[in-house]
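Chemist: Structure below; questions to follow.
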């Protein structure tokens, strides 16, 4: 505990925050218009892929009087799928500039442009007989997802009081999963996943963006952004009054003032400066491990293998899409369960339990895939493994990193940290999508042993390095990491912040 100077008033006890209507509605508006987009567009092209390929082929035939060969079709479809994470990588690199210049809420509002324009283009692509519009739109939608995947957790984490930060923060992943699930439902052949309905299926991505444009302007900007980066304590106080539903906010304001003083001392960190700074070494490594572990632990491989596992268990190909919807229900239920438990059990317990379940499921699934031809009954165990893996990933590795990555950085470094975090997320997403088919072809079922090993290593890192952040302020978490980084934080001076935004040295003002 730090020694206080003589005459320093005792710390102001914080008042436990409650989920006020303004905070709830702001969370729903922000998450539905942003995270939902990510999940919906991640999944919407998967089930009806044969319908899209047929449109590509018909369009090509009308232009060239011949159908595409297999290699060209594979190339075009690979571009359709893989352009989304590449666009996400670009969006993650843009987000740092946007969140500082336009604010967290302003960034989310501007980002809707990258959803509405592609929705229109994809909606008219059939009439225009231009499959290129779909490929281009997937890139732009990736940019939208890349921006929202970083800006949304930042906004929600800065809106919520510390005792609700975990639950509110997991809403990012909850709405991603809801987006995935509704895309699975709408893309069923009986609904919109057919030759007549697919333009509407793709254009629906514009609806959440329009709803966010109509609702989010009525909710406050992040009070931490207003006070720490804009120096506007009056606006921050007004926002807190609306978000908390009471006027007893001095403890929270003082915590923000402490962060503001830290930002004035450090300046606004660039990505390069962040990577070189000893005082943030373990925080930076932690978000890299969390985001890489999330993608490299096998979730995309499980999805890739799922239909094969269902078929081997006797599920007809025409019915496998409904089993996929069932796995989506498990995904939603367990992600919501995580949101309920994260403030009771803490972040570490959910992460460790999730990786433990995922690693165990991967090991058992390896055995199932190797021996199911000899023992047909094992194929049913394969379905259980898929559902168990999805449940494990949904309770920890999927939702909790969105909370932790906001909590372990102060305002001065959060922008740069989220750029690194987003880049790792999208790069590993792309790498797995690109390399897994080759790995699977080379070693088959043994590929899941690799994923089990990654789950184990990630869990060990979490157990050894990442502290429990439940119920702690950003400043308190920063002090915990300062001890691990073996740096001494400067004594906080009792001073009020000046009006106006904090200044930074020229070397620290750029995004990179």
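A Cβ is built for glycine as well, from the same backbone N, Cα and C atoms used for every other residue.
Copied straight from Swiss-Prot:
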- 294, 295, 300, 331: D-glucose binding site (BINDING)
- 57: N-linked glycosylation site (CARBOHYD)
- 491-512: region 'Disordered' (REGION)
- 1-21: topological domain 'Cytoplasmic' (TOPO_DOM)
- 43-78: topological domain 'Extracellular' (TOPO_DOM)
- 100-107: topological domain 'Cytoplasmic' (TOPO_DOM)
- 129-138: topological domain 'Extracellular' (TOPO_DOM)
- 160-172: topological domain 'Cytoplasmic' (TOPO_DOM)
- 194-198: topological domain 'Extracellular' (TOPO_DOM)
- 220-281: topological domain 'Cytoplasmic' (TOPO_DOM)
- 303-321: topological domain 'Extracellular' (TOPO_DOM)
- 343-350: topological domain 'Cytoplasmic' (TOPO_DOM)
- 372-379: topological domain 'Extracellular' (TOPO_DOM)
- 401-415: topological domain 'Cytoplasmic' (TOPO_DOM)
- 437-445: topological domain 'Extracellular' (TOPO_DOM)
- 467-512: topological domain 'Cytoplasmic' (TOPO_DOM)
- 22-42: transmembrane segment (TRANSMEM)
- 79-99: transmembrane segment (TRANSMEM)
- 108-128: transmembrane segment (TRANSMEM)
- 139-159: transmembrane segment (TRANSMEM)
- 173-193: transmembrane segment (TRANSMEM)
- 199-219: transmembrane segment (TRANSMEM)
- 282-302: transmembrane segment (TRANSMEM)
- 322-342: transmembrane segment (TRANSMEM)
- 351-371: transmembrane segment (TRANSMEM)
- 380-400: transmembrane segment (TRANSMEM)
- 416-436: transmembrane segment (TRANSMEM)
- 446-466: transmembrane segment (TRANSMEM)
Chemist: Could you tell me the mean pLDDT the prediction assigns to the topological domain 'Extracellular' (43-78)?
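Modeler: Mean per-residue confidence for the topological domain 'Extracellular' (43-78): 89 out of 100.
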Chemist: Six or more residues beyond either end and a Cβ under 8 Å away: which residues meet both conditions relative to the transmembrane segment (282-302)?
Modeler: 274-275, 355, 358-359, 362, 386, 389-390, 393, 397-398, 401, 404-405, 408-409, 413, 417, 420-421, 424-425, 428-429, 432-433, 436, 440, 447-448, 451-452, 454-455, 457-458, 461-462, 465-466, 481, 484-485
Chemist: Compute the C-alpha separation of residue 294 (D-glucose binding site) from residue 57 (N-linked glycosylation site), stating it in Å without decimals.
Modeler: 36
Chemist: Would you please pick out, from the recorded positions 57, 294, 295, 331, the one with the fewest other Cβ atoms within 10 Å of its Cβ?
Modeler: 57
Chemist: Cβ distance under 8 Å to residue 300 (D-glucose binding site), same chain, sequence separation 6 or more: which residues?
Modeler: 429, 432, 433, 436
Chemist: Within the same chain, where does the transmembrane segment (199-219) have neighbours whose Cβ lies under 8 angstroms from its own Cβ atoms, ignoring anything closer than 6 residues to its ends? I mean 6 or more beyond.
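Modeler: For the transmembrane segment (199-219), the nonlocal Cβ contacts are 22, 25-26, 29-30, 32-34, 36-37, 40-41, 44, 48, 105, 108-109, 112, 115-116, 118-120, 122-127, 134, 137, 141, 186-187, 192-193.
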Chemist: Find the longest CA to CA distance in the recorded D-glucose-binding set 294, 295, 300, 331; express it in Å as a whole number.
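Modeler: Taking every pair of listed residues, the largest Cα separation comes to 16 Å.
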Chemist: Within the same chain, where does the transmembrane segment (108-128) have neighbours whose Cβ lies under 8 angstroms from its own Cβ atoms, ignoring anything closer than 6 residues to its ends? I mean 6 or more beyond.
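Modeler: Counting only partners 6 or more residues beyond its ends, the transmembrane segment (108-128) has Cβ contacts under 8 Å with 30, 33-34, 37, 55, 91, 98, 102, 134, 136-138, 140-141, 143-144, 147-148, 151-152, 155, 198-200, 202-210, 212-213, 216-217.
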Chemist: At a threshold of under 8 Å on Cβ distances, which of 22-42, 322-342, 351-371, 380-400, 416-436 pairs most often with the transmembrane segment (173-193)?
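Modeler: It is 22-42 that shares the most Cβ pairs under 8 Å with the transmembrane segment (173-193).
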